[in-house]
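Each remark here refers to the structure printed beneath this line.
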Amino acid sequence: MRIVYLLFPFILLLAQGAAGSSLALGKREKCLRRNGFCAFLKCPTLSVISGTCSRFQVCCKTLLG
C-alpha cells in the first residue's frame, strides 16, 4: 500500500506533461511554417531568435537563408 503513495506524484507529473504537450506542438509547427527551427535555450551561430517553441526551446531563423 505504501507504493501507492510513491507512485501518485509520478502519475501527476505525467498527467501534467501530457496536458501541455499539444500547445508545444502547435508552437513548433508554427515555427517550422515560418522557415525556422527549434533550439535549446539559444540559437546557434548565424541565426537569430524569432519566437519560442516551448519553455526551454526558442524558435531560430538563419541569417543567410
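A Cβ is built for glycine as well, from the same backbone N, Cα and C atoms used for every other residue.
The feature signal peptide is assigned by Swiss-Prot to 1-25, with experimental evidence given as support.
In the three-state DSSP reading, Cys53 (disulfide bond) counts as coil. Among the features that Swiss-Prot reports, disulfide bond is placed at Cys31-Cys53 (among others).
The disulfide bond annotation in Swiss-Prot covers Cys38-Cys59 (among others) and is backed by similarity to another entry. The local packing around Cys38 (disulfide bond), expressed as other Cβ atoms within 10 Å of its Cβ over all shown chains, amounts to 19. In the three-state DSSP scheme, Cys38 (disulfide bond) is classed as strand.
Taken residue by residue with DSSP, Cys43 (disulfide bond) is part of neither helix nor strand, so it is coil. All protein chains included, Cys43 (disulfide bond) registers 20 other Cβ atoms within 10 Å of its own Cβ. Residues annotated as disulfide bond in Swiss-Prot, with similarity to another entry given as evidence: Cys43-Cys60 (among others).
Sequence-distant neighbours of Cys60 (disulfide bond) (same chain, 6+ apart, CB under 8 A from its CB) are Gly36, Phe37, Cys38, Ala39, Cys43, Pro44, Ser47, Val48, Ile49, Ser50. Cα-Cα distance from Cys59 (disulfide bond) to Cys53 (disulfide bond): 6 Å (rounded to the nearest whole number).
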